[in-house]
Amino acid sequence: MVGSKDLDSKAWKWGLGLIYIIAVAIIWIAASFVVQSVVDAGVSPFLVTYICNSLFVVLIPIVEIGRYLEDSYGSLLFWKSDKSLKGRLGESEQAILLRDNEASGEVVESLVIDEVDGIVDRNDGSELLPSDDVVGGLVGRVGLVENVDQKGLDEKGRWTRCRVAKVSLLICPFWFFAQLTFNLSLKYTTVTSNTILSSASSLFTFLVSLALLGEKFAWLKLFSVLLCMGGTIIVSLGDSQSGLRTVASNPLLGDIFALSSAGLYAVYITLIRKKLNDDEGKNGEASMAQFLGFLGLFNVLLFLPVALILNFTKAEPFYMLTWKQLGLIIGKGLLDNVLSDYLWAKAVLLTSTTVATAGLTIQVPLAAIVDTITGHSPPFMNYLGAVAVMIGFAGINIPAEIFSKSTKTTAVELKNEDVNIRDEEHALPRTQDSAATLHSF
């Protein structure tokens, strides 16, 4: 019964992660038109990247307000998380009591420790000091809370601000330069080349996950990733043949930026999976919104000197921005960076790095559908590439446990057959010995 519940929970999380991936793909399609118009108007890719990434900082006050409400009114509004913490502490206390009972040989059916009701009352109504059992229970609980704090958790089992900030500081440079190189590639090369090389992030993520996360290798997943990349290339080539290709100022430099962006994206989401692993709360609860908020804060602090230098040297002056362009950039940042990146990061935790990265390639066939609806019917190669992407996406979503289960099942069957053969070999001599004994009588 428990196993079925675990499977249902994993299936529900996996499905929710896929919904997040599709939502992110739709948001990215809409945001691409905004970025294209702003960059074509002469706005610096660095300025667009800096402003959009800095908008993550708006998540910090939202998280802090939520924490304040949880700490102040947790018994009413956030009873579930409070209950989960008490459950974890209760289980720890119960385990300690059971160990003590086993060591002393005493059998205790139940023992409940309550700090409030643990005062021993006299018949006349006067109160005494807490009993030894209560004091021991309180000391044990204090020890548990201190142990939780040493692991980077607060009293509610949440990651501390310092612990989340350290992870954000580690990942911030990879995220910023992944965004920057992607925007720079659009400035120097064509959208076709950018799409082809950016799709390599699926392969990079697959390889990095094998190296850092220890994900199980499966030929089907590798084939599915390559199929997604191949479908994206087919669609991009179809766009180039339809005459939609723009003029590139420096294709080689742009292609290098796009390939670098793909590699940085792979490192970024693999680090998220490694550092903020969703392990059913075994190591505490990490807030993804808080992580992204600190990511925006460090983006502001670390790259502000670079932005000021570019402004004062007139290499990337701020005054060239119009209010309309600034509004488009802020709107794009809130929708594309803050919302979509939050959903994407959650999708990485709910599914896997490979699925989240390769799954975003579905924005290519989605874009083809949008073009068809708006009256710009894409060529046949676009539909062919869309089919390849969808098949590859389905192959990636086959859980790796299926392959491991089949391997384990085969190993167990072989082991059982070996045991049966050995039993038969041992049983045969015993039968012969018994027959010989009876014959002697």
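Yeah, the Cβs are placed from backbone N, Cα and C, and that goes for glycine too.
Positions annotated as transmembrane segment by TrEMBL: 12-35 (among others).
Residues or ranges marked as transmembrane segment in TrEMBL: 47-69 (among others).
Taken from TrEMBL, the feature transmembrane segment covers 164-184 (among others).
Per TrEMBL, transmembrane segment is recorded for 196-213 (among others).
Taken from TrEMBL, the feature transmembrane segment applies to 220-238 (among others).
TrEMBL lists 250-271 (among others) with the feature transmembrane segment.
If you look up TrEMBL, you'll see 291-312 (among others) marked as transmembrane segment. Residues 44, 46-47, 50, 53-60, 62-63, 164-165, 167-169, 171-173, 175-176, 276, 318, 338, 341-342, 345 of the same chain lie 6 or more positions beyond the ends of the transmembrane segment (291-312) yet place their CB under 8 Å from a CB of it.
Residues annotated as transmembrane segment in TrEMBL: 347-368 (among others).
Taken from TrEMBL, the feature transmembrane segment covers 380-398 (among others).
Put simply, of 12-35, 47-69, 220-238, 250-271, the stretch with the most CB pairs closer than 8 A to the transmembrane segment (164-184) is 250-271. Here the transmembrane segment (12-35) has Cβ contacts under 8 Å with residues 48, 183, 186, 328-329, 331-332, 335-336, 339-340, 343-344, 346-351, 355-356, 359-360, 362-363, 366-367, 370, 397, 399 of the same chain, all six or more residues outside its ends.
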